[in-house]
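A.B. asks: Quick paste of what TrEMBL says about this protein:
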{"type": "ACT_SITE", "residues": "HIS318", "note": "active site"}
{"type": "ACT_SITE", "residues": "HIS363", "note": "active site"}
{"type": "BINDING", "residues": "40-67, LYS446, LYS448, SER526, ARG553", "note": "substrate binding site"}
{"type": "BINDING", "residues": "ASN319, GLU348, ASP350, GLU397", "note": "Ca(2+) 3 binding site"}
{"type": "BINDING", "residues": "ILE656, ASP658, ASN682", "note": "Ca(2+) 4 binding site"}
{"type": "BINDING", "residues": "ASP711, TYR712, ASP713", "note": "Ca(2+) 5 binding site"}
{"type": "COMPBIAS", "residues": "475-484", "note": "compositional bias 'Basic and acidic residues'"}
{"type": "DOMAIN", "residues": "31-138", "note": "domain 'PH'"}
{"type": "DOMAIN", "residues": "148-183", "note": "domain 'EF-hand'"}
{"type": "DOMAIN", "residues": "497-613", "note": "domain 'PI-PLC Y-box'"}
{"type": "DOMAIN", "residues": "613-742", "note": "domain 'C2'"}
Amino acid sequence: HRIEVHVLLESDLDGFLYISTGLEGDVDLQFLLQGGELTKVKSDSWQKKRFYRLQEDCETMWHESSKIFRKNNTFSIDDIDSVRQGRESEGLLKYTDDSLEDCCFSIIFKGKRKNLDLMASSPEEAKLWVSGLEKVITHMDNLNSQQKSEHWIISCMRKADKNGDNRMTLKELKHFLRQINVEVDDTHATMLFEKCDTSRSGTLEGDEIKQFYELLTYREEIEVIYGKYALTDGQMSAANLLTFLKTEQMASWSLEDAENFIEKHEPDQTAKQKKHLTKDGFLRYFSQKEGSIFNPEHQPVYQDMSQPLNHYFISSSHNTYLMEDQLKGPSSTEAYIRALSKGCRCVELDIWDGPDGEPLIYHGHTLTSRVLFKDVIKAIKDYAFKASEYPVILSLENHCSVQQQKLMAHYMISILGSALLTHPLGNEMPSALPSPQELKRRILVKGKRLNKLDAAFNNNNTEDVDSVSEEDEAAEVKESDQKTKPKKSKIKLAKELSDLVIYCKSVHFNSFEHAKEKQAFYEMASFKESKAKTLADNSASAFVHHNMDKLSRIYPAGSRTDSSNYNPVPMWNAGCQIVALNFQTPCKQMDLNQGRFLPNGKCGYILKPEFMRNPDFLFDPNNLTKAPWLRRKTLHIMVISAQQLPKLNKDKPKSIVDPLVRVEIYGVAADRASQQTPHINNNGFNPTWNRNFQFIINVPELAIVRFEVEDYDTASANDFIGQYTLPFTSMQYGYRRVPLLTQSGGIIPSAGLFVHIMALDN
């Protein structure tokens, strides 16, 4: 049941545009369109039947609600992150019986929206719901930006046709323009209408609507570029396309590559037979990965994964169990699932003694809710390697009694099984950390250890219980970042738990000199953000060299009770690998983190530049005069236009955005820069700027480029519309489309920027 969507711009019998899903007769789709009754599960006492169905646009789910005056009983398929079959959420595990496993499923939404836990009347019906939803979600994900754009515009046209007569009056046309985020005065709207109303009937229908659509979606910048290279009977031949790609896009395509692209993406069959690309086909180029700003060669795992673990930046989460703030928010296994699904490879477990002898995870000395340690380990087992095959590190903050520590060790061994690393790789004592490649699909434990690693080879008889100094973070973070130095406390450590710590033994940091002399390769220190920033500011070169053969973990200050984040870039500049952030908080710092780990298959590991791995280089991010080997660049970015920016206030039809674009460079201090366009009044559909920006990039390997679109406001701070962040080294040159993401990191369908990128040696 392969789904294909064709947006047909033609006159049907009723003279209106229509959408064909290509799924006529598909059993799963017909089931969703018909809908059915499901039990919505919120608690033990709140389990109520509700009717759900897919609307005819095949992109919106409608559901029954008990709230009479509720305005919106729908949610978009685009808002769904995934569908989980079975009792795979905390709510279903807690509030439903084991016997109902096959009847249950959960809809997981993007962003902070709570999961929707549902129960069908039979396992067969549950399978139909899950397979149908997954099919529609996959279809929406597979649509390119041009198809989504066409789909969205036509959907808005349908909504504007209030009486459903497949004709558009002038009033309906004005309503439609406001829906798509364009404010035009009455004179201009009337002019557009009269230009298309060739029949002088007072309504647009059939070919007149098609003409209006083409007039509306006309893009002058595409017309100019296409006209320059369409030199074969007014169209682009494969040779013309190749000339464009080599001249403008710096692409290393062959003539055969150009012909294959035309064969795959040209919508006009006559042109395709001639191996020609029409303007519509050319526009589709920019909606494919080949026309995106992100280099498709960096999309899979492409880096050398055989270097020692400490040679990589590692995507890392702080207090992973928290869904919200640090004081009273909920703790949940769902937080671990979401972090791991985003490619996070180091998660934190803050473990305390629980009642009935069961260890619990929560933020100690606060009102945050609690979750069972064993449930978290089960979630990690199930989701550790769905987004990435590379190793996951469990950073343990152990506050438990010896008895519950033994139970922790038992749960990790019994639940994680062979995935848990319980012995160093090989038969001899290693001298360096293993690589991500060697540790594929393995789970490592970071924590305190009673003895040295070589004890794992010589059967050293360590005491079953001994005292160790408490982890730095455990001592310091609870002090809410007070300037007074916390007292170091001792905790009893069970041998069973100690023995699970192999390559990530937690130790206290004294100085770089002490670490060079005393710290073993498998020992690592954790640094509070303020301490790490001081070292990065004042001893950056020493920090970089320390991280060439040691792992370092950075964590947020205890004063960040709102789960805000620090800037991770200075920590990466100092070579720190495990820069832990609050993944639950949408913010610019998380945008930078997601951008840093966007390439290399989003696998959570990014190979550090050679000058941060090779001790022969004397790299100091704060003093670049000592680095003549740096390949400096001058980056030219032209922000040309934007397409189909979302309305921010959908409840007010006349509320139209006034967009501006800000381009920011993050990296070493010398590269930090920001420039912005002026704002465009009342046009979120197709604003045009044609503004040129220039940036000097001293260290391209560490530079990150961020595009942010904002809604200008004269009276208060601008509102966020969308953003896209990626490493400088992963950008493609030439004319490129920049997709836009929401604050929570989800793609904004149809929306994007059109830019021109060029970087020259400096």
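FYI, residue positions are counted from 1 along the chain as it appears here.
Including glycine, each Cβ sits where the backbone N, Cα and C put it.
Caution: TrEMBL annotation is automatic and unverified by curators.
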A.B. asks: Could you list the residues of the same chain, at least six apart in sequence, whose Cβ is under 8 A from the Cβ of ASP350 (Ca(2+) 3 binding site)?
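C.D. replies: Spatial neighbours, sequence-distant, of ASP350 (Ca(2+) 3 binding site): ASN319, TYR321, ILE361, TYR362, HIS363, GLY364, GLU397, HIS399.
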A.B. asks: If you count other Cβ atoms within 10 Å of each one's Cβ, which of the binding-site residues GLU56, GLU64, GLU397, ASP658 has the most?
C.D. replies: GLU397
A.B. asks: Near HIS318 (active site), which residues of its own chain have a C-beta under 8 A away, given they sit six or more steps off in sequence?
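C.D. replies: Once residues fewer than 6 apart are set aside, HIS318 (active site) is near GLU348, TYR555, PRO556, ALA580, LEU581, ASN582, PHE583.
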A.B. asks: By CA-CA distance, flag whichever of ILE656, ASP658, ASN682, ASP711, ASP713 among the binding-site residues is nearest to LYS446 (substrate binding site).
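C.D. replies: For LYS446 (substrate binding site), the closest Cα among ILE656, ASP658, ASN682, ASP711, ASP713 is found at ASP711.
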A.B. asks: Would you kindly give the Cα-Cα distance separating ASP711 (Ca(2+) 5 binding site) and ASP44 (substrate binding site), rounded to the nearest Å?
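C.D. replies: Per the Cα atoms, ASP44 (substrate binding site) and ASP711 (Ca(2+) 5 binding site) stand 44 Å apart.
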A.B. asks: Given the binding-site residues LYS40, LYS48, LYS446, and counting only Cβ atoms in the protein chains shown, which has the most within 10 Å of its Cβ?
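C.D. replies: Answer returned by the neighbour count: LYS446.
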A.B. asks: Using Cα-Cα distances with a 10 Å cut-off, which of the binding-site residues LYS48, GLU64, ASP658 are near ASP713 (Ca(2+) 5 binding site)?
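C.D. replies: So far as Cα distances go, the binding-site residues lying within 10 Å of ASP713 (Ca(2+) 5 binding site) are ASP658.
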A.B. asks: Please identify which of ASP711, ASP713 has the densest Cβ environment, defined as other Cβ atoms within 10 Å, among these binding-site residues.
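C.D. replies: That would be ASP711, with the highest Cβ count within 10 Å.
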A.B. asks: Using a 10 Å cut-off, grab the number of neighbouring Cβ atoms around the Cβ of TYR52 (substrate binding site), all chains included.
C.D. replies: 20
A.B. asks: List every residue in the same chain as THR60 (substrate binding site), at least 6 positions away in sequence, whose Cβ is under 8 Å from its Cβ.
C.D. replies: LEU54, THR74, PHE75, SER76, ILE77
A.B. asks: Per DSSP, what is the residue count of the domain 'PH' (31-138) in each of helix, strand and coil?
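C.D. replies: DSSP composition of the domain 'PH' (31-138): 35 helix, 37 strand, 36 coil.
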A.B. asks: Among ASN319, ASN682, all listed as binding-site residues, which has the most CB atoms within 10 Å of its CB?
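C.D. replies: Selected residue: ASN319.
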A.B. asks: Check the domain 'EF-hand' (148-183) for me and report the mean pLDDT.
C.D. replies: 74
A.B. asks: In whole Å, how far does the CA atom of ASN682 (Ca(2+) 4 binding site) lie from that of GLU64 (substrate binding site)?
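C.D. replies: It is 36 Å, counting Cα to Cα.
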A.B. asks: Give me the count of other Cβ atoms within 10 A of the Cβ belonging to HIS363 (active site).
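C.D. replies: Within a 10 Å radius of the Cβ of HIS363 (active site) lie 24 other Cβ atoms.
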A.B. asks: For TYR712 (Ca(2+) 5 binding site), write down the residues of its own chain that are at least 6 apart in sequence and whose Cβ falls under 8 Å from its Cβ; none is a fine answer.
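C.D. replies: Listed in sequence order, they are ASP658, PRO659, LEU660, HIS679, ASN718.
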A.B. asks: Please determine which of the binding-site residues listed here (ASP44, GLU348) has the lowest count of neighbouring CB atoms within 10 Å.
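C.D. replies: Relative to the other binding-site residues in ASP44, GLU348, ASP44 has the fewest Cβ atoms within 10 Å.
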A.B. asks: Work out, from DSSP, the number of helix, strand and coil residues along the domain 'C2' (613-742).
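C.D. replies: When I sort the residues of the domain 'C2' (613-742) into the three classes, I find 12 helix, 60 strand, 58 coil.
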